[in-house]
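Below is one structure; the comments refer to it alone.
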Amino acid sequence: MTEKELLRQSDSTFAPPETKNSERGGRVTIWVLVALFTAVVGSSVPAGYSLGVINTPQEIIRSWLQVTVYQRYGITLTASEEVSLWAVIVTLYVVGAIIGAPIGATVADKIGRRMALLFNHLLLLATALVLALCKGTGSVEMLFIGRFTSGLCSGLSTSLVPLYLSEIAPASWKGVMGVTFPMGMCIGVLVSQIMGMDSILGTIDHWNYLLAAYAVFVAMALLLHPALPESPAFCYINAQDEVRGRRELRRLYGKDDKFIEAEETALKVMAGMKNKAQDESSGWTFSQMILNPKYRMSLAIAMVFNAGQQFSGINAVFFYSTLIFRSAGLDIQQSQGASIGAGVINCIMALAAAPLIKYCRRRVLLMTSIVLCIVCQIGLMISLQLISEHRSASFVAIGALMAYVLFYGMGLGPVPFMIATELFPSGPRSVGISIGSTSNWMSNLVVGLTFPLLQVQFGELSFSFFIASSILMFIFVFRFLPETLGRDEPPSPQSSFEFITDSDNLETPPSDVLKNMI
């Protein structure tokens, strides 16, 4: 029997969605929940926390930087030098993430998903200690190191968590567990906003503890780490340890012998394909995969979706949030509360994304989300231009902002983080996810560096650039994204381009999209 026939026999990709649960299992055991809690609470939440925590106390930290640089080095920073120093601190986080995202695949494949998560958690704790001590020691360098390594851990998390959860999730829950990573990040951002309030840790005396407070979540995850199961895919494909792989399968999925046998067959085929690839070349690396027509289009989709998420304008929307709330007559504290309210909406949509991902087509979710976000950005752009003349325009802007956050969380927020887990088979999945994550963080850096310039030059019209980017992403989704709902593994023996264009495998051809949206 050929590899393709084995995969067709063992892989639910080729089974109708309505029969897959009974054939491949769908029960979530206690060990799956332990893995989910440990990965999300220990890595995803700290990643979101570190991403959002620096915004609220920035004026306090910038004042501390000026005083500390003068006391330690006798240098009085000019206004431009102080801005540049702060830009370095902000940028170091993203640079660390850009480095961490591609390293995540290598670490996960070398030492295993379980040990890679442990490494990430321990590095997060060490980073929290550095950040907590930077103020007391008067060390700007410790703040630099802490922000860089927190970014490194966030990059590792964006590769490790979706990969690990996609490999241990039951077949019918892969999509749901795939969106728990962005859900954790949303929760982390919201917690950082709350903790950064003046009445909690956003003060002159406690801002360093604010930066390090995510350590509580990491400590909770570490308590459960001894019980964390290893990914069966790693055991079979990377470690070539079938005995341990079978033990982990039984631990994760109980006594469902039929399901475990099907999983073993698929994983053994992928292990054989990896050995063949290593005999012929260097195996699953970025250069090898981009030259391989089997995975080229899947890589393009993963990279474009992650970049498109950052270029959709989410950063611009939150940049103008304070101006919008202040224009509506809110004071500083009330504006902070309104921003937290937007964060709550973001978290609610992240939670709602789980059932949406489980039952709704990815193409429909993404295209609907993109169109509605474009409409909201047009409304924001127009209302912001009218705020100075018509106070009522500020309320329109608030409505458009809240609606944007709502619709962003419906598709643009969660789908790019999990789509690579459904586009790549088990073997090259770690590389595919890490490449998509790297694209996300690199785009984050580009937007972070260019948006202030666009805002100064074009003001509210800077939204037009993000609107144009969103339109291009809509066209890309419409033309190239295959429907992955109901798939466990993509048909790896075929090329990604064939997978997308073959009418037998494309559940939602472009001509039927509008019909499916009704």
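For all residues, glycine too, the Cβ spot is worked out from N, Cα and C.
TrEMBL entries are annotated by machine, without manual review.
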- [ ] From the ranges 53-73, 431-451, grab the one TrEMBL calls transmembrane segment.
- [x] 431-451
Task: Positions on the same chain near the transmembrane segment (207-224), where near means CB under 8 A and six or more residues out - done: 34, 37-39, 41-43, 45-46, 49-50, 53-54, 56-57, 60-61, 64, 118, 121, 124-125, 127-129, 131-136, 146, 188, 192, 195-196, 200-201
Task: Cβ contacts the transmembrane segment (463-481)/the transmembrane segment (364-387), at least three under 8 Å, sequence gap 6 or more - done: yes
- [ ] Using a Cβ cut-off of under 8 Å, list the residues of the same chain at least 6 residues beyond the transmembrane segment (176-195) that approach it.
- [x] 36, 40-41, 43-53, 56, 157-158, 161-162, 165-166, 169, 201-202, 210, 213-214, 217, 336, 339-340, 343-344, 346-347, 349-351, 353-355, 357-358, 409, 413-415, 417-418, 421-422
TODO: Would you kindly check 83-105, 117-138, 144-164, 393-419, 431-451 and say which stretch has the most C-beta pairs under 8 angstroms to the transmembrane segment (299-325)?
DONE: 431-451
Open item on the list: Let me spell it out: take the transmembrane segment (144-164), skip the flanking residues so only those 6+ beyond its ends count, and list any with a Cβ under 8 Å from a Cβ in it.
Closed with: 35, 39-40, 43-44, 46-47, 50-51, 54, 88-90, 92-105, 107-108, 113, 116-117, 119-120, 123-124, 126-127, 130-131, 134, 178, 180-181, 184, 211, 231, 417-418, 420-421, 429-430, 433-434, 437-438, 440-441
Task: Distant-in-sequence neighbours of the transmembrane segment (393-419), which means Cβ under 8 A and at least six residues beyond its ends - done: 158, 162, 166, 175, 178-179, 181-183, 186, 301-302, 305-306, 308-309, 312-314, 317, 320-321, 324-325, 327-329, 338, 341-342, 345-346, 348-350, 352-353, 356-357, 362, 365-370, 372-373, 376-377, 379-380, 383-384, 386-387, 436, 440, 481, 484
Task: Two-stretch contact, the transmembrane segment (28-49) and the transmembrane segment (337-357), at least three Cβ pairs under 8 Å - done: no
